[in-house]
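Features of the protein shown, as given by TrEMBL:
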type	residues	note
DOMAIN	9-83	domain 'Concentrative nucleoside transporter N-terminal'
TRANSMEM	29-49	transmembrane segment
TRANSMEM	61-84	transmembrane segment
TRANSMEM	96-117	transmembrane segment
DOMAIN	99-196	domain 'Nucleoside transporter/FeoB GTPase Gate'
TRANSMEM	173-194	transmembrane segment
TRANSMEM	200-218	transmembrane segment
């Protein structure tokens with residue numbers, strides 16, 4: 001029964017996206033790309049959750065972010081002492097949401113800034129956008145914008161496109177804005193891993209990446 005509910009929800013969601021489309025006839029011509037990306041989502045989900053290789057990839061990502069979170073907690077404990085909930089602190093305060101979930105964002109954002117300054121991230125984002133553009137049927141700018149949103153965040157991506165934004169029409173601007181609002185940036189990923197099972201966080205972010213293209217292709 002849960003399969004029926006899931007498929008029904010997917011059909012209804014796609015129908016709502018098509019109903020809100022700028023051009024419903026044009027949206028129908030993009031069903032091929034929608035089908036391709038749905039297939040990628042299914043295969044990617046099965047690969048990450050049901051295969052040993054997928055589990056190894058998730059474990060590697062989880063281990064990396066766990067190490068970053070440990071470093072972030074050490075830095076938070078150094079600055080705030082017992083307020084961070086350090087077990088060695090004399091007051092023995094329980095770690096708060098602000099200290100455990102929000103403060104690591106500052107640390108991870110700084111690392112992302114260093115990688116961006118060193119020109120490592122721009123290269124990765126560019127090639128990721130080119131690869132994704134082969135299957136989503138959208139333009140290079142849209143593919144780059146979505147890829148950049150996952151890494152940089154929804155605000156920073158528009159700063160990287162400030163020279164192109166003034167020349168975009170309404171539809172392309174909507175695509176960039178929708179992608180930026182829908183993605184979870186790398187700096188936030190660590191915070192979600194504190195609250196939820198990292199396996200599902202990584203899988204959801206990967207599937208959501210292609211889900212964005214499905215919705216904007218119909219709208």
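A Cβ is built for glycine as well, from the same backbone N, Cα and C atoms used for every other residue.
Curation does not apply to TrEMBL; its annotations are automatic.
Residue counts for the domain 'Nucleoside transporter/FeoB GTPase Gate' (99-196) under DSSP, helix first, then strand, then coil, are 83 helix, 0 strand, 15 coil.
Within the chain carrying the transmembrane segment (173-194), a Cβ under 8 angstroms from the stretch's Cβ atoms is held by residues 62, 65-66, 68-69, 72, 100-102, 104-105, 108-109, 112, 138, 141-142, 145-146, 149-155, 157-158, 161, 165, 201-202, 205, 208-209, 211-212, 215-216, 219, all 6 or more beyond its ends. Proximity of distant same-chain residues to the transmembrane segment (29-49), defined by a Cβ-Cβ separation under 8 Å and at least 6 residues beyond the stretch ends, is recorded for 14, 55, 57-58, 135-137, 199, 202-203, 206-207, 210-211, 213-214, 217-218. Averaged over the domain 'Concentrative nucleoside transporter N-terminal' (9-83), the predicted model has a pLDDT of 84.
For the domain 'Concentrative nucleoside transporter N-terminal' (9-83), the DSSP-based tally of helix, strand and coil residues reads 68 helix, 0 strand, 7 coil.
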